[in-house]
Amino acid sequence: MQTISLIRPDDWHLHVRDGAALATVVPHTARRFGRALIMPNLRPPVTTAAQALEYRARILAAVPPGQHFEPLMSLYLTDNTSPDEIDRAKASGAVVAVKLYPAGATTNSDAGVTAIEKVHAVLERMEKLGMVLCVHGEVTHGDVDVFDREQVFIEQVLAPLVARFPALRVVFEHITTAEAARFVQDAGPNVAATVTAHHLLLNRNAIFAGGIRPHHYCLPVLKRETHRRALVEAATSGNAKFFLGTDSAPHSRAAKETACGCAGCYTAHAAIELYAEAFEQAGALDRLEAFASLNGPAFYGLAPNAERITLAKDAWEVPGEYEYLHDDPLVPLRAGETVAWRVL
């Protein structure tokens, strides 16, 4: 049986929700990853260091006994965030990033930033302190096609932001287009990007294969095949600017399979295994460790994890659902289908 050994990876973009949901989703991540950057888009959002520390404690309480897992926290940037709150976040030692959501761009983003000019003072403080800005890179104007939101965001928001704050460390989250990959490659050393497993494995045809596929609907939405190939090329290139961020986003079956379903693919149950598939398909398994375990910590100024994990080429069937919210289950990516790699 073929096996590969990796330094234990980290997930630099993860949603775990709150309350009863934590008991299902946190163990999936803790089994595979040493650390994960937790997204702050709860309702209400995590906007202060104090709230982040309380949320961190709730996450840690859901980690199974004997598992070593460290949640790294982020704050939700709003028009009203103060530079002083950035100071408190930095001093907490637990908050490592601030997340920019353009208002209305994704799940629970209605409190997001309405105009980037409103947070310039905060960005200046972050630049001074070395705090990372994580960016959901889509505009939300009604006249912009949903498949073009990322490219327009680069032109209208991200490129001017990087030019104005050249020392600000920026992660372009869950990139989905060739234009985004090219922007990151061409930018200075303070700009990096996360790439999800589902954007490496799927193109937008997957949303419509034989009917509407709500469990393949995410934001940013899956793009055409040329973009998927560009993402694979970037992720497997060995360029340290690209690293693992699952954007695993749990929603209950009822919230997904409905007239107006939520955006998000749940991948935490098989995250590193799905990345292994993508890298194997690209003939680049030898570059998986750098992407999954080394590049992210290096950008965030952290040491790699000391532990290792082993993956075996041993196919397994993904359950059709996981218990989630009382009688409303969670449907994972590849439900009822097989994943080629297994964590031993």
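Keep in mind that glycine also has a Cβ here, set from the backbone N, Cα and C atoms.
Around the Cβ of His13 (Zn(2+) 1 binding site), 27 further Cβ atoms fall within 10 Å across all displayed protein chains. Positions annotated as Zn(2+) 1 binding site by Swiss-Prot, on the basis of sequence analysis: His13, His15, Lys99, Asp247.
Within the same chain, residues at least 6 positions away in sequence whose Cβ sits under 8 Å from that of His251 (substrate binding site) are Thr107, Gly261, Cys262, Gly264, Tyr266, Leu330. Summarising the annotation, Swiss-Prot assigns substrate binding site to His15, Val16, Arg17, Asn41, His136, Leu219, His251, Ala263 and lists sequence analysis as the type of evidence.
Other Cβ atoms within 10 Å of the Cβ of His174 (Zn(2+) 2 binding site) number 28 in total over all chains. Swiss-Prot lists Lys99, His136, His174 with the feature Zn(2+) 2 binding site, giving sequence analysis as the kind of evidence.
Annotation comment: Swiss-Prot describes Lys99 as N6-carboxylysine. DSSP assigns Lys99 (Zn(2+) 1 binding site) to a strand.
Swiss-Prot lists Asp247 with the feature active site. Every protein chain shown contributes to the tally, and the Cβ of Asp247 (Zn(2+) 1 binding site) ends up with 26 other Cβ atoms within 10 Å. DSSP assigns Asp247 (Zn(2+) 1 binding site) to coil in the three-state reduction, outside any helix or strand.
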(message) Around Leu219 (substrate binding site), which of the listed binding-site residues (His13, Lys99, His174) come within 10 Å, judging by Cα atoms?
(response) His174
(message) Give me the CA-CA distance between His15 (Zn(2+) 1 binding site) and Asn41 (substrate binding site), in Å, as a whole number.
(response) 8
(message) Please report the three-state DSSP label of His13 (Zn(2+) 1 binding site).
(response) strand
